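Taking it in order: structure first as structure tokens, then the write-up.
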Amino acid sequence: MKKEQKKLTEMTTAGGUAAKIGPEVLASVLSQLPKNDNIENLLVGLDTADDAAVYKLNDDMALIQTLDFFTPMVDDPYVFGQIAASNSLSDVYAMGGKPLVAMNIVCFPSCHDMDVLAEILKGGFDKVKESGALLVGGHTVDDKEPKYGLSVSGIVSPNKVLSNATAKPGDKLIITKPIGVGVLNTAMKEGMVEQHIADKVIEIMIHLNKYAAMSFEKFDVNSVTDITGFGLLGHTLEMAKASEVSIEIESKHVPIIEGAIEMAQMGIIPAGMYKNMHYVSKDVEVVGNIEVAVQDILYDPQTSGGLLISVKEELAEELVKDMKLNGAIEAKIIGSVVPKGEKYITVL
């Protein structure tokens, strides 16, 4: 019997990190979980909504554990595999670590062409290999909607763990990739994006945060998270709350992918953006006349987005230069950390 040949994006209701449960609903669910007892070796757990868990094994080594998976946002199965793997590996880099082993998480309809699944797995394998980790197995579920990602284990020195809870007043805030992926993925699904812009979006999503994180070996950064489904302002809010600070974002310095503003002006906006805005906006003050489309994109759910880094002001410019030399060519200073004020975030 001939297998189905539907496009990947035709088999999903939402793609990439835009398919995540919204932050407000998720926070409500997680608030019902019991707290872990005071476990001395659990360095990072549930409390600060961080990117991964970190468990101290001994004085020299801690284990980083994370997983991530989502539905397709592109039709090319190999590229989808690359994007999903890059996104999954990112959490390890955000914690200051090195990925060691990864395992596939696969949901795929058995009625569909299995060569498509093979291409997805090849894309994931190649990105894991690029990261320096090993792909060692996985688990599958027969599901009408395809989903793919990785469970990743990494290591880090216990005294070099990076967190979203350690931003300091006086720090500068750096982003390592431009935003607007969610808006443009939505437009791409409708065939509304020029090919050179679509190629740029894919290039951004498959780029490993490994290259930006290489600079952490030379520069002492204070706090890091990665920007994914909750958007720039959503993950900035997590950092501000966890660190008990406020953060100022200079909107004119935030890098936005070509075409994203135009699509947002036309109302091409993923549902995840509205979920993010509903949850986060009460903690945000907007100062000045900032275009509505730009404000919207600050809430845009990113798929395999960049790192958000808080670092001492005197190190910020040199850190950006170093990251660019390592391949994070669009790294940019976008704001500052200030003492806790009335609002957690001010957009200027």
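Yeah, the Cβs are placed from backbone N, Cα and C, and that goes for glycine too.
Here is what Swiss-Prot says about this protein:
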ACT_SITE  U17  active site
BINDING   K20, T48, A49, D50, D68, D91, G138, H139, T140  ATP binding site
SITE      K20  site 'Important for catalytic activity'
BINDING   D51, D91, D226  Mg(2+) binding site
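Overlay of Swiss-Prot annotations on the structure.
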residue	record	Cβ contacts under 8 Å, 6 or more apart
D68	ATP binding site	A84, N87, S88, S90, D91, G149, L150, T228
G138	ATP binding site	M103, N104, I105, V106
T140	ATP binding site	N104, V106, C107, F108
* **Fewest-neighbour residue among binding-site residues, criterion Cβ within 10 Å, set D91, D226** => D91
* Where D91 (Mg(2+) binding site) sits in the secondary structure, as DSSP reduces it to three classes -> helix
